Amino acid sequence: MVATGLIRTIVGIIGNVISFFLFLSPTPTFVKIWKAKSVQEFKPDPYIATVLNCMMWVFYGLPFVHPDSLLVITINGIGLVIELTYVAIFFIYSPWSKRRKIVLALVIEVIFMAVVIFITLFFFHTTKIRSGIVGILAIIFNVIMYSSPLTVMKLVIRTKSVKYMPFYLSVFNFLNGIVWVVYASLELDPYILVPNGMGSLLGLLQLILYAAYYRTTNWDDEPPTEVQLPDV
């Protein structure tokens, strides 16, 4: 048992490191946005989804919800700050129509999170029940975070170009999912296992798309016609 706990801690630390680089992996995308002073066809969906995902996992990892989950809190707390920075950059360089959608999405997320915290703390009084409820919600929003790049994947298939699908984001999505699957399997935490298993599969699909359409990508072309941002 001690050996399993030690291995799980080591894997969790590795997961923190990989997750940190996952959060930083879109940096080249935001450098492009900053230089162009425009979001072009880059979409805020993954970053807005990840904000809610990080908030949910920070809450899940608190000792009065799911004890002994410090590694879950640390990386998701860091991730929350990084993702809010990305969303702020997106907001600055987006047209007003997209800015309204970004603000609306964030307001809805904050209200939703406040309701979840209130209901969990005032109506449920054991960590087993709290971790079960918050864990299920965390699974749902982890799946949303991992599936949010589907809008970008659709664009890749339509344009036969991977220009607007960041490669490093796909790589670290895949690696992150694999490591946290191992972490969750060591003490069978289904709330971490399920979404990260799906995340590793989606990351693999993105890498397959990247390999399939890399050669048909024109890296020097002008940004294509703006695509309408879906409601988030």
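Note: Cβ is positioned from N, Cα and C throughout, glycine not excepted.
All TrEMBL annotations are machine predictions without curation.
Per TrEMBL, the feature transmembrane segment maps to 6-25, 46-65, 71-93, 102-123, 129-146, 167-186, 192-213.
Beyond the transmembrane segment (6-25), the same-chain residues lying 6 or more positions past its ends with a Cβ under 8 Å from any Cβ of the stretch are 71, 74-75, 78-79, 82-83, 166, 168-169, 171-173, 175-176, 179-180, 182-183, 186-187.
Listed stretches 46-65, 102-123, 167-186 were compared with the transmembrane segment (192-213); the greatest number of C-beta pairs under 8 angstroms is found for 167-186.
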